[in-house]
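Colleague: Okay, these came from Swiss-Prot:
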type	residues	note
SIGNAL	1-19	signal peptide
TOPO_DOM	20-459	topological domain 'Virion surface'
DISULFID	C43-C302	disulfide bond
DISULFID	C54-C226	disulfide bond
CARBOHYD	N56	N-linked glycosylation site
DISULFID	C80-C113	disulfide bond
DISULFID	C178-C188	disulfide bond
DISULFID	C208-C247	disulfide bond
DISULFID	C242-C271	disulfide bond
CARBOHYD	N266	N-linked glycosylation site
CARBOHYD	N338	N-linked glycosylation site
DISULFID	C363-C370	disulfide bond
LIPID	C480	S-palmitoyl cysteine
Amino acid sequence: MVPQALLFVPLLVFPLCFGKFPIYTILDKLGPWSPIDIHHLSCPNNLVVEDEGCTNLSGFSYMELKVGYILAIKMNGFTCTGVVTEAETYTNFVGYVTTTFKRKHFRPTPDACRAAYNWKMAGDPRYEESLHNPYPDYRWLRTVKTTKESLVIISPSVADLDPYDRSLHSRVFPSGKCSGVAVSSTYCSTNHDYTIWMPENPRLGMSCDIFTNSRGKRASKGSETCGFVDERGLYKSLKGACKLKLCGVLGLRLMDGTWVAMQTSNETKWCPPDQLVNLHDFRSDEIEHLVVEELVRKREECLDALESIMTTKSVSFRRLSHLRKLVPGFGKAYTIFNKTLMEADAHYKSVRTWNEILPSKGCLRVGGRCHPHVNGVFFNGIILGPDGNVLIPEMQSSLLQQHMELLESSVIPLVHPLADPSTVFKDGDEAEDFVEVHLPDVHNQVSGVDLGLPNWGKYVLLSAGALTALMLIIFLMTCCRRVNRSEPTQHNLRGTGREVSVTPQSGKIISSWESHKSGGETRL
């Protein structure tokens, strides 16, 4: 069995290999065969693609996903709720004060929320003072309302950032998603009209810290860039790449699913909306390092096989298999026809499954048709077995299969799995149990005289007061009339008493009071 890296081809230039790593390279185009001497044999350089003459290598820097980049990009933020706290006091006739606190809501403005958050983060003492409820005022026989507008800051409130469309995902958002957060709109609406969500960092792009700068070698032909050798030493082709933005950064999605940002003059189409990229983690890096090491080892094996051919002056099908180009592109093909060593110019393409080149028994598909054999011999060590089956020295690599499974399982979902938004803020005021209040202004409202009675009691009291006043007026008028009648009678009696005199039998004149008194005494 050929080592695992032999079957791993990092260059994906064939459209059918979209997002997959090939397990083999087969001839796509084959030139005429010509006999050669064993001294014309050579080992291919599988670390550099000699495709379309792109042999000019130059150092350059590019940007890729960070190693260890996780699936969910967490973005810290806070929620801001507008709350109006109302303290209502009533002072009754005897001076007893009753205080009632009420709470209402209003929709805050982003600027006010940002200022309140900065107060809290800066440790401004005014923020601590603003956390208190409004101090209630009171007046005798009056209802006094003291109101304070508050900005309730709940921090932190973490949301998941989708790197593809820069949308945010959290249970606090309507339908669990917030789109369009940018410089012009720095907040998200939530499940409540009076609450908004804002990122802690107003510059959303800085929160998407998933990129790193790397150094590599660019393979170009004139002004056209064919591919590049990455920092791990593995060549990556730009054929089949498409443009894709991650967190607002424009880059290229390569055929193998990796994402890079690099300057190129090539005209590239945009990726389909459902196109994803592969994660860049330690496991994929480790496999890539193993592949590079294996490719280097395979070249050493090829050189050993070539040395053995030169030494023994003999060639076998097994030794010829070492001379096969392991990456897509232009190269050489070798075979042995009638004990004659043959060579041909060839172009290799990648193969995703063995069924692509082995559709049926005895058929080796090359260029869309079954390739003819010469006395059971094809090329690059491929022969026809005694049972009629095509025998390929290389078998599918377990390392490659592991890498393919890694790619299939490490893609970023466009929609993050989130809990049901209806489970958040069921009663509307649950968030207020964990609030931090920013209270800017206090407003007082003083009512008129209030006796503290309900509406029907007020009407009864007014009716009783009016009836009492009417009775008092009638009583006063009656008293006044009686006084006016008694005053003339008293005046006449007082005038007669001063002028009348009584002459007793003794001839002594006495006053009427004395005569009345004496007469009384006489009657006794």
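Each residue, glycine too, has its Cβ placed from N, Cα and C.
Relative to the rest of the structure, where do these features sit?
Modeller: Around C43 (disulfide bond), taking its Cβ as the centre, 18 other Cβ atoms fall within 10 Å, counting all chains.
DSSP assigns C54 (disulfide bond) to coil, not to a helix or a strand. Counting only same-chain residues six or more apart in sequence, the Cβ atoms lying under 8 angstroms from the Cβ of C54 (disulfide bond) belong to A219, S220, K221, E224, C226, G227.
Within its own chain, N56 (N-linked glycosylation site) has A219, S220, K221 as residues 6 or more apart in sequence whose C-beta sits under 8 angstroms from its own.
Sequence-distant contacts of C113 (disulfide bond), defined by Cβ-Cβ distance under 8 angstroms and a gap of at least six in the same chain, are C80, L151, I153, Y187, I196, M198. C113 (disulfide bond) falls within a helix when secondary structure is assigned with DSSP.
Classification of C178 (disulfide bond) by DSSP places it within a strand. Taking the Cβ of C178 (disulfide bond) as centre and 10 Å as the limit, one finds 20 other Cβ atoms among all the protein chains shown.
Annotation note: C247 (disulfide bond) sits in a coil segment as assigned by DSSP.
The local packing around C271 (disulfide bond), expressed as other Cβ atoms within 10 Å of its Cβ over all shown chains, amounts to 18.
Sequence-distant contacts of N266 (N-linked glycosylation site), defined by Cβ-Cβ distance under 8 angstroms and a gap of at least six in the same chain, are E224, T225, L238.
Using a 10 Å Cβ-Cβ cutoff, N338 (N-linked glycosylation site) registers 8 neighbours.
Note: C363 (disulfide bond) has non-local neighbours C370, V390, i.e. same-chain residues 6+ apart with C-beta under 8 A of its own C-beta.
The DSSP secondary structure for C480 (S-palmitoyl cysteine) is helix.
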Colleague: Among the disulfide-bonded residues C80, C208, C226, C242, C370, point out the residue whose Cβ has the most other Cβ atoms within 10 Å, with all shown protein chains included in the count.
Modeller: C80
Colleague: For N338 (N-linked glycosylation site) and C43 (disulfide bond), determine the Cα separation and express it in whole Å.
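Modeller: Taking the Cα atoms only, N338 (N-linked glycosylation site) lies 23 Å from C43 (disulfide bond).
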Colleague: Output the one of C188, C247, C302, C480 that, of all these recorded positions, has the highest number of other Cβ atoms within 10 Å of its Cβ.
Modeller: C188
Colleague: Reduced to three states, what secondary structure does DSSP give N338 (N-linked glycosylation site)?
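Modeller: DSSP assigns N338 (N-linked glycosylation site) to coil.
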Colleague: Measuring Cα to Cα, how far is C188 (disulfide bond) from C480 (S-palmitoyl cysteine) in Å?
Modeller: 80
Colleague: Which of these disulfide-bonded residues is closest to C480 (S-palmitoyl cysteine) if you go by CA atoms: C178, C208, C242, C271, C302?
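Modeller: That would be C178, the closest of C178, C208, C242, C271, C302 to C480 (S-palmitoyl cysteine).
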